Structure formats: structure tokens, C-alpha cells
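Report on one structure; see the data block that follows.
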Amino acid sequence: MIDRYKHQQLRIGSVSPQQISAWAKKILPNGEIVGEVTKPYTFHYKTNKPEKDGLFCERIFGPIKSGICACGNYRVIGDEKEDPKFCEQCGVEFVDSRIRRYQMGYIKLACPVTHVWYLKRLPSYIANILDKPLKELEGLVYCDFSFARPIAKKPTFLRLRGLFEYEIQSWKYSIPLFFTTQGFDTFRNREISTGAGAIREQLADLDLRIIIDYSLVEWKELGEERPTGNEWEDRKIGRRKDFLVRRMELAKHFLRTNIEPEWMVLCLLPVLPPELRPIIQIDGGKLMSSDINELYRRVIYRNNTLTDLLTTSRSTPGELVMCQEKLVQEAVDTLLDNGIRGQPMRDGHNKVYKSFSDVIEGKEGRFRETLLGKRVDYSGRSVIVVGPSLPLHRCGLPREIAIELFQTFVIRGLIRQHLASNIGVAKSKIREKEPIVWEILQEVMQGHPVLLNRAPTLHRLGIQAFQPILVEGRAICLHPLVRKGFNADFDGDQMAVHVPLSLEAQAEARLLMFSHMNLLSPAIGDPISVPTQDMLIGLYVLTSGNRRGICTNRYNPWNRRNYQNERTYDNNYKYRKKKEPFFCNSYDAIGAYRQKRINLDSPLWLRWRLDQRIIASREVPIEIHYESLGTYHEIYGHYLIVRSVKKEIICIYIRTTVGHISLFREIEEAIQGFCRACSFGT
């Protein structure tokens, strides 16, 4: 992401406990170090002030009101003459309250806790780097198993190696004796480890370079083996090779990013800034709190209980300590990702708690909703419908959307034309929808392009510029040929409208992003604006016409199909004007169609300009009709020629339909527009 500090990216990864401590700890001017959250409380029920060392402590996270401490004293922020910079009574610094949006705290865990993302998510990074089954590691983390091994290469008392289950018969009665024996803590810390601490010790002992070398050698050995013929064994070898590749890549990633594997086990738990997990007071004095606050409270309660048990470990049974460590691990798991281990935790109203993972992931998460796809001003959204009468570079904006997007421009136009004295009067005219408002809106829209975007924007054509026009209704009208570039369908898809404000954005929209300038695919160069199937069917219906021909007899196959119950006995068929009307131009023909005097496929005679191809044709006429004044008509299959007494051509009529005429006019207008554009460019 790009911000005011020119950061070009945001990377999420593991951090060291020292880094977490550096994020949260701060030294007050009196030398006191604060940052650790030790109490599970939020606000005092009587004073409504944050509890000291609690989840909303002002000493840790900063003052609620800028320059005002918890005691109510005020200091001017940034004034060097004001001294001291903090309240000596409550220890709150006199700083801006916005610090509560980024100042973090931390919880010092009484026992190590594995990060559930690295343990339970697939693939499990902890299981991959340790080369152990996930089920075995889960049993160790949640204290179902213990891990016995020499620590720091010292001599051992027990002849145990690896994992062992506490409930096996050989240790069922002997180990409890050690749990209550004086000095058991020293023995346990020396030879027996359980919980996330055992995982942390194993991760800390790893040599990543040796892992890469050994994995590569094993991968080569497996690659040299020939197929055994046993499908199960061959698949097993293939899976092992894939696992070794993933393990080497993970180890290389740790080396490349200077991340230690033991950082996947937490010793310090970061606490989010208070403004990111707020408590809001609603009507009636009731408080609404973020679910994360309740999950943090649960972690602090269980962690404090474990701390008390460890401080009195001489009188505390070891089983109770292990059980409490498991509860702390489960509380942290719920905070980070509720429900990842099965049944999610719910509140008193049977509502699932929203954990940290739920806050950041998904369509409504922090990244997609507020960082990647946050809503912006001068934008709208609506369903798209087809607008076949629109030019390729235009789109239809509903009046309701257009007046909101261009409201500031309309207000400026009303004030400039002295139709409104101030902004308030202009807004009242817009609310009343006076006719002058729509006139000014149309003037504004003529010189201002808009950007249409359909998510997901996977390539350059996912956002294009259009010249807007006002349309009725509440849907955005779009030319059907631009559908493919957006990968959209007219079956309920929605598109966003944006108004480019700066001159640079408007110039880019006009010169690079207009839809009629993006006719080719940027990936492969093929045409992107091609007729769809419904357009092809429409063109076929438009130009199919009546194919019976000028001659009608019982041997004509088209006549026999369409008129099976009719018989034509007039073999000497003659041309008759009443059946096929004459028109002097295409406008008259289309007008007759709109008046429903003829059909779309009805044959008609249209007067045509003199065509040398027709004049020079040697085709023999089918019939010749003579008029009383000496003129005569030479009738051919698809045209007729009217000649004078001196055999001079007076005019030519072609036999066509209204559908052919409409298509011809569209092609002619397109060619003329292209010629005008070329002449303008030269």
C-alpha cells in the first residue's frame, strides 16, 4: 500500500518477542516503563474511566481526549514551554488522542503458546518444518502428551526419548510421585516438556541449512528409485517428494527473511489499539463492545490464574498446572481464530464471537472492505441493463445517481447563472427537482466522462470510461458490445460509477480509457467487442426477408412450404403494384413499417440511384410491362428498370425489405462516421 511515508507494500509475517515488546513498551518521562496489560478490566462502572493497566488504560494507550489526562488536567499539545509532558499523578502523557489508533500493548504469557495459524492452518508450517504428524503435535500442544529428551546435552535420569503418553500403565503411578516431590520443578524443566514449550524447544534446536541439505539428499534418493509397480507405494513416494520440496522452500523462506522458527510460538501476545476494538455507548446508556475485548479478557483471566498457580507450584498439583496451560492455549486460539479447532465459542445469546481472523478475512474484513475496496466519494453503484440504442462510447445514468454524483457541479452552475444565491438555495432547488436543474445537469454531463468498473477488475478493460446521458429508471444502461471487456452479463450484475475529478484523471479517461478506444484485447490482440449470439440472431431475422421470389407457382419450394394449402392456378403471373408497394426513399419505407402498413419482411420496391452494374448487366428481364404513355417496366428477379419511349432509363427500383433497408442505413452511417473521423484526424 502507498501512504504518506511512501511505503509501497504491506507484508504480514512472524515477529520476534523483542519486536512485540518494542511496539508496545514506552518509557514515561519519569523513567517508568509501561505497556503490559495485566488486568482484564475495561472501564470502571462508576466513573466510566479506563481501568489502570486494563485493556483501555490511558497510561498504556494514550489519553481518550487530546491533552487531557485521567485526572482531568489539561496541557497544550506540542507546546515546548509546557512542562512536564505527563501527569505525575496518573502517568498519562499529554499527547493527541489519535495515538490510541496505533499504540499497542502486550500480554506477558505465563507459558509459551503456539500460534494457531502456523499449527492448524493447512499446510501446517510447524508440522512441515519439524517433519512430524500434525496429530502428534496437537497432542503435545494441548498437553495430551509429554516430550522427554535431554536438554542442553546434559546427562539424564530418565530413559525416555520422544513423546510418551501420561496415561500409560508404566508411568501412571510413578510420575504423580514426582509431581508432589520437592525439587520436581527442576527435574521437569530438565527432562520433561509438554505444551507449546516443547514445540518451542524443538524449533529452537533446528538448523535450517542442515534441514535443506538433508531434505535435498533424500529427495534425490527418492528420485533415483524406479517405480515399484505398486500404485500405493508409488503414490507414497510422490507425496514424500512433494513434502520435501515444501519443507525446503519453507526453510529457505525463514533464512531469506531472517525469521526464526521459534517465533511461531508466542511468549508475548500483542494487544490491539483500543480504537480498533472500541466500546460504544448506545441509546439508553447501554454499552456495545467488540468481541475481541471479551476474548482478550478471557486470555488475561486464564493467564493470571496460571501465573498464580506457578508462583505457588510447590503446593499445586502438576496436573492442574498442565490443565491451566491448556486453557491458556485454547483462549489464545479463540482470540486468533475462533472455531478453527471445531466448535466455535459463543456468548450468552448463542452468538459466535468474532475473532481476529474474522475481522481481517473475507469480503467484509479489514483488508477487502476498508483497504483494498474502500468506498470513495463521487461514486455510485447500480444494476446494469442493455441499452442497444446507445453509441459504443455512451452509457445511461439514472437521474437519481447522476444528480448525486454531479451535485457540486450543478450547484456551481446554478450560482454562476445567478439562479441561486448560495449553496443552501441551490440544494433546495435540487431537492425540489426543478426543470432548470436537469438542464444544467445535462450541460455538466456533456463535458464530463465517468468511469464504470465491475469487480473483480482482473485486467485493464475491467474499468472503462463513458460519456454519460440521463435515462429513466434506476439501472445503468450499457451498450451490449462492451459487455465482454467487463466480463459482465445482463442478468443482475452490478457496476460501480466513478467521477474523475482532476484534470489528469479526465484526460486519461478521454485519451486512454474510452470504450470505443479499447476494441482489442490487451492480452492477445483479438477483437473484444464482437457480436453476441442474440445479435447474430437479430441480424438474421432482420435480413431473412420473404424468399418466395417474384415468381409464384406451385413448383417454387418456398411457396410450397409457406402456402401448402394454397394453389396457384395463374401460370401467367403478372406483376401487380398492390401486393408490393413502391417507395421513393428509405424514410417512406420505414415510416410505413412504423405505421404497421407493411411488415419487417414484406417485399417492397425502393427507388434506387442509377447503378452502372445494373445498367451494364446482360440479364434478360422476366417480364416487360408497357404503360399507356409509352414508358415500360423491365422486371428482373431483384430489380426493375423504368424506361422512356426512347429507351432511356428513367429510374431504377430494387426489390428489398424494411429489414435490409435498416441494416444498410446503419452500415452507411458507420462508414460516414469513420470517414469523418479519418478526415478530422488528418
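Residue 1 is the first one shown; counting continues down the chain.
Glycine is treated like the rest: Cβ placed from N, Cα and C.
Source: prediction; values computed, not measured.
Among the features that Swiss-Prot reports, Zn(2+) binding site is placed at C69, C71, C87, C90. In sequence order, E58, R59, C69, A70, C71 make up the list of same-chain residues 6 or more apart from C90 (Zn(2+) binding site) whose Cβ falls under 8 Å from its Cβ.
Among the features that Swiss-Prot reports, Mg(2+) binding site is placed at D489, D491, D493. Counted within 10 Å of its Cβ, the other Cβ atoms near D491 (Mg(2+) binding site) come to 7, all protein chains included.
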(request) Round to the nearest Å and give the CA-to-CA distance linking D491 (Mg(2+) binding site) with C87 (Zn(2+) binding site). (result) 63
(message) Quick check for the class: what is the C-alpha distance, in angstrom and rounded, between C87 (Zn(2+) binding site) and D493 (Mg(2+) binding site)?
(response) 58
(message) Beyond the listed site residues D489, D491, D493, identify every same-chain residue whose Cβ lies within 8 Å of the center of their Cβ atoms for the Mg(2+) site.
(response) I384, A488, F490, G492
(request) Using Cβ-Cβ distances, find the residues under 8 Å from D493 (Mg(2+) binding site) that belong to the same chain and are at least 6 apart in sequence, listing them in sequence order. (result) V383, I384, R454
(message) With DSSP assignments reduced to helix, strand and coil, which class does C69 (Zn(2+) binding site) get?
(response) coil
